[in-house]
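These features come from Swiss-Prot:
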TOPO_DOM  1-8  topological domain 'Cytoplasmic'
TRANSMEM  9-26  transmembrane segment
TOPO_DOM  27-503  topological domain 'Lumenal'
REGION    34-55  region 'Disordered'
ACT_SITE  GLU194  active site, proton acceptor
CARBOHYD  ASN318  N-linked glycosylation site
Amino acid sequence: MAQTQRSRYLKTGAIVAALLLMLLWISPSRPMHPSFPQGQPSTSAPAKGKCSKPHDPKKPLIQYALMIDAGSQGSRIHVYRFNNCGPSPELEDEVFFQTEPKKGGSGLSSYKEDAEGAAKSLDPLMEVAMKNVPDEYKSCSPIAVKATAGLRMLGPELSQKILDAVRNRLETVYPFPVVSKEKGGVEIMDGSDEGVYAWITTNYLLGKIGGPDETPTAAVFDLGGGSTQIVFQPTFPKSKSGGMPERLSEGDHKYDLQFGGRHFELYQHSHLGYGLMAARKAIHTSIIENMLASSPKDLSWLKQPIPNPCIGPEMEKNVTLEFPEGHKLAPEVQVTMVGPKVGSTAAQCRGLAEKTLNKEAACTLAPCSFNGVHQPSLEKTFAREDVYIFSYFYDRTKPLGMPDSFTLDELHQLTSTVCGGEDSWGIFAGIEGALKELRDRPEWCLDLNFMMSLLHTGYEMPLSREVKIAKKIKNRELGWCLGASLPLLSQESGWTCRIKEVS
């Protein structure tokens with residue numbers, strides 16, 4: 001009996017073993033991977049401390065978006081982490097890194113014919129992305145590169161070669177999905193988009209958009225190296241005669257924006273060639289042109305120190321200026337600009353800065369700000385709401401102790417003090433690093449005069465108008481990058497997860 005039972009157990013064990021062998025034999029040699037909807041990460045890693053599931057089950061709980069700002073003076077990356085715990089994405093974290101500054105700029109445009117070198121210049125930024133995006137999210141974290149005014153000025157042929165090289169390197173070296181060409185994944189960003197994205201960033205962080213309340217929005221003035229942008233939501237007074245109220249005129253300046261369930265009718269314009277570095281070049285060039293007109297035959301003055309009222313007193317600056325083909329000084333000249341020996345020449349510098357604005361240009365659609373560009377009057381259509389000025393506006397005022405909010409009259413006083421030279425700088429002694437900044441930058445007087453001219457003479461803001469400077473709001477970087485990254489969280493933004501089967 002015991003032997004029969006033992007035989008039965010042996011037979012049963014043999015059958016089970018055979019079944020296991022058959023299952024192993026028919027199973028696939030590679031593991032099967034589930035498919036994921038377009039734009040969703042292939043991971044179920046939980047959010048840290050916010051919530052355990054997304055508000056919308058069609059969206060992933062956590063999303064990363066990468067944005068490279070290829071500016072005229074350098075390139076910067078923003079690595080954003082969002083959660084979808086609520087009806088709209090919430091920014092949880094941001095990592096920011098920029099290329100090392102170098103003479104002549106470290107932007108993509110500085111590489112000119114070396115397209116591959118330009119593409120490789122982004123590698124340090126991508127290393128930051130590789131370190132800060134967890135491996136399980138990399139294949140579903142979209143990246144876009146937006147070049148601004150500097151590359152725009154390089155011309156269509158050279159700039160396109162650089163853009164193609166950048167796309168190729170990102171697609172072949174790194175695991176992140178690159179936004180498609182059709183959706184502007186690697187492109188020279190249109191100036192109107194640049195300004196509007198900055199407006200979205202600012203008002204999103206201020207909590208003025210994206211929520212249920214229709215609160216008044218803030219204006220945004222962004223001063224870059226090659227261009228400056230203005231974006232605001234004008235409010236037109238009702239007609240006194242009882243007719244239809246005035247509206248924003250049709251044209252390229254009008255930007256209709258749908259965001260967070262609201263419609264915004266914005267005025268925007270990007271003034272190409274009116275960034276701070278472009279303004280410096282224009283002012284220095286105007287001085288050289290005046291000298292050339294006075295002495296067109298004898299050019300020995302080029303080797304002598306050239307007086308410049310926009311250089312600080314008893315300071316000098318070596319400047320390289322390029323001239324177009326056919327110009328007597330083409331292709332370039334190197335000169336030494338020197339400031340006055342004593343006293344302030346702020347008024348003279350202000351005059352040179354105002355001339356660059358071309359206020360006398362024909363205005364085909366009134367009213368105009370400068371250079372013949374239509375703009376609704378800020379005093380009439382945006383008199384009371386907040387005005388945020390950032391980028392170089394911030395960089396040239398905050399180090400000198402300006403508060404987060406000040407009037408244009410206070411900016412005018414600062415400009416006069418700075419242009420007065422070392423004898424006037426005693427008030428900066430108590431501000432850490434201010435005196436070193438002033439002594440290291442002979443063009444401080446020029447920079448502040450251009451800013452003052454742009455805001456007061458160009459945009460026609462009264463001296464009593466208050467402006468706010470900021471580099472961050474709620475500890476988040478300002479600029480256009482966040483505003484441009486928010487749309488990337490949508491499934492229709494031009495990318496799919498880069499999911500590969502494991503061999």
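Glycine is no exception: its Cβ is also placed from the backbone N, Cα and C atoms.
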(request) Would you mind reading off the Cα separation of the residue listed as 'active site, proton acceptor' from the residue listed as 'N-linked glycosylation site', to the nearest angstrom? (result) 32
(request) Within the topological domain 'Lumenal' (27-503) only, compute the mean pLDDT. (result) 90
(message) I'd like the number of other C-beta atoms within 10 A of the C-beta of the residue listed as 'active site, proton acceptor', please.
(response) 25
(message) I'd like the Cβ neighbour count for ASN318 (N-linked glycosylation site), meaning other Cβ atoms within 10 Å of its Cβ, all protein chains included.
(response) 9
